[in-house]
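Q: To start, I am sharing the structure in question, which I have written as structure tokens.
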Amino acid sequence: MRPDHKQLRPLSELARLLGPDAFVTCVDQGLDEEAADPGATVITGITHDSRAVRPGDLYAALPGTQVHGADFAAQAAEAGAAAILTDPDGYDRAAATRLPVVTVADPRSVLGEVSAWVYGHPADRMLLIGTTGTSGKTSVSYLLESGLRAAGEKPGLIGTVEMRVGGERVESALTTPEATDLHGLFAAMLEQDVAATAMEVSSHALALGRVGGTTFDVAIFTNLSQDHLDFHSDLREYFETKAKLFTPGFAKVAVVNRDDRFGRALVDMVAAGGEVPVTTFSSEGDPEADWRAVDVRLGSRGSTFRVVGPGGVELEASVGLPGPFNVSNAMAAIVGLVEAGVPVHTAIEGVAAAAGVPGRMQRVEAGQDFTAMVDYSHKPGAIEAVLGSLREVTEGRLTIVVGCGGDRDRSKRPLMGEAAARLADAVVLTDDNPRSEDPLVIIGSMLEGVAKVARGERARVTVEPDRAEAIALAVDRAGPGDVLVVAGKGHERGQKVLDEVLPFDDTQVLEEAIRHRLAREKD
Ligand SMILES: CC(=O)N[C@H]1[C@@H](OP(=O)(O)OP(=O)(O)OC[C@H]2O[C@@H](n3ccc(=O)[nH]c3=O)[C@H](O)[C@@H]2O)O[C@H](CO)[C@@H](O)[C@@H]1O[C@H](C)C(=O)N[C@@H](C)C(=O)N[C@H](CCC(=O)O)C(=O)O
Ligand SMILES: Nc1ncnc2c1ncn2[C@@H]1O[C@H](COP(=O)(O)OP(=O)(O)OP(=O)(O)O)[C@@H](O)[C@H]1O
Ligand SMILES: N[C@H](CCC[C@H](N)C(=O)O)C(=O)O
Ligand SMILES: [Mg+2]
């Protein structure tokens, strides 16, 4: 999504912005970088993807893990790019287009600043609340969006499921868009009077410069547990990457979960920096937290609790998403809103009014006598949280259908298998986006974790690689009072196998399986 109104940015201004480390060259002028006059070139937009170039764009030709964006410089020029930003490695291919070329050592590291410049620094004119953490980013962002609405704002939302600008909705390709898209989106939001946005900030975004040039009025930390160790070297490095969001350039105020051990470490880190004020919350009774959820009453569809905060605040609150972890998510949102200037009673009202989050603890009801739901738990911590909370409300048996994604963190697979076998009564291991990998190898690695659970304490484990069959099997075995959770894909609409995305929607498949069973039983 881009703004309708185009701003005209002379390339010479960019050269000044980037300073002496950037070389601006223009082959057509037959000049070296000292004498080149990029002033005549005007930029009206920016993209990092040659397939998305519009006339007047600055094409950021980035080095990637698969290819170099400079391989597509000719295609970008043909589509009307006005200039190219690249690194020394991409220079030759970029210069061959005869467009002006801006060369910097690491274009990703300046992409945020450059994109903000192209679109007139739209983020500076918005109220921005960013959420990071291993689990809960999407949920907290929906709760924040509802809170901003209650505060009278026309809110924006950017995250894993979708991007929402006023009434418009676009499905997301990434949790946090690349900087070029992000600043275009902010500018489009402002055009539609959306001036307060709740946004997810992934660790990939922080590592790859996607949020460069963006300062968050409030930055929220939910929790940290194992995920993405295909990308980060270890848990420490993963944590340090997330912690970047809480440094002065990125955050004005920090809101941190004190119940999480990495949250407590973050509080110390931010306090030691001395520049970003920290406010903490707890939903597990930590007396040192600034804000606490007390007297938590869990229900199968949501929870009620009392919010105790600074200045004698003590108010009743609720969240319409089940599980203790959603009380924590609700506290993150309430405190985040308060730090953004929303009165506490309005924040509480807004969070309570939030409808469900797509694919997160989403119930499927087709007239069956057991509880069926779809959830996006695809990491050990989330599986533990979800099965732990569902156990509390399960009268019969608790079943999970789960798999692990291909081409993603391999070391989390045994941990997910182990958590499922330890905490559920029945487990059906199946496929979840095998991508380029052999699905049976992925399941094999989950089974290694299953084997770690002592026989007497282990769930009944069945392997059914075909996800639709696995769901049908679990549905057929479910009895009255049982709870069945289909985990890992949540809102996703496809199963990625090699380079293909086959249509697949857990909610739909689950509902059909239930209807089939009920129809069979009727006959
Ligand atoms: C590890 C990672 O994040 N990689 C991202 C990175 O890819 P890459 O460096 O491999 O890029 P590449 O494919 O080699 O291409 C190099 C450059 O050429 C460009 N190109 C490529 C082909 C072409 O025809 N034209 C063209 O211009 C590309 O746009 C890119 O700028 O830059 C690409 C361009 O933006 C991203 O699409 C890609 O995300 C991949 C697809 C991805 O799956 N990322 C996931 C892991 C991710 O980012 N997840 C996080 C967290 C999720 C969560 O837990 O919530 C997220 O924020 O979504
Ligand atoms: N605070 C929490 N603590 C532990 N688990 C949680 C928490 N919140 C949500 N979950 C679990 O994690 C899953 C993903 O939640 P959500 O989408 O809100 O997180 P996310 O951080 O955006 O995840 P992703 O990075 O995959 O987009 C949920 O479906 C639920 O199972
Ligand atoms: N944003 C996450 C989503 C994972 C969802 C799960 N279904 C999988 O494919 O592993 C990722 O790209 O790692
Ligand atoms: Mg998310």
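Cβ coordinates are placed from backbone N, Cα and C, and glycine is handled just like the others.
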Q: According to TrEMBL, which stretch among 132-135, 136-139, 432-435 corresponds to the feature motif 'Meso-diaminopimelate recognition motif'?
A: 432-435
Q: Please pick, from ARG408, ARG460, ARG517, the residue that TrEMBL records in the meso-2,6-diaminopimelate site together with ASP432, ASN433, PRO434, ARG435, GLY488, GLU492.
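A: Of ARG408, ARG460, ARG517, ARG408 joins ASP432, ASN433, PRO434, ARG435, GLY488, GLU492 in the meso-2,6-diaminopimelate site that TrEMBL records.
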Q: So which of LYS137, LYS242, PRO434, ARG435, GLY488, GLU492, listed as recorded positions, have a Cβ under 6 Å from an atom of ligand 2?
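A: Passing the 6 Å Cβ check against ligand 2: LYS137.
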Q: Near GLY133 (ATP binding site), which binding-site residues out of PRO434, ARG435, GLY488 have their CA within 10 Å?
A: none
Q: What span in Å does the meso-2,6-diaminopimelate site cover, taken as the longest CA to CA distance among ARG408, ASP432, ASN433, PRO434, ARG435, GLY488, GLU492?
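A: The span, Cα to Cα at its widest, is 16 Å.
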Q: THR138 (ATP binding site) has how many other Cβ neighbours within 10 Å of its own Cβ?
A: 25
Q: Within 10 Å of each Cβ, count the other Cβ atoms, then let me know which of the recorded positions LYS137, LYS242, ARG408, ARG435 comes out lowest.
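A: Candidates: the recorded positions LYS137, LYS242, ARG408, ARG435. Fewest Cβ atoms within 10 Å: ARG435.
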Q: C-alpha of SER135 (ATP binding site) to C-alpha of LYS242 (N6-carboxylysine): distance in Å?
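A: SER135 (ATP binding site) and LYS242 (N6-carboxylysine) have their Cα atoms 12 Å apart.
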Q: Can you tell which of the binding-site residues (GLY133, PRO434) has the fewest other C-beta atoms within 10 angstroms of its C-beta?
A: PRO434
Q: Cα distance, LYS137 (ATP binding site) to GLY488 (meso-2,6-diaminopimelate binding site), nearest Å?
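A: Distance between the two Cα atoms comes out at 15 Å.
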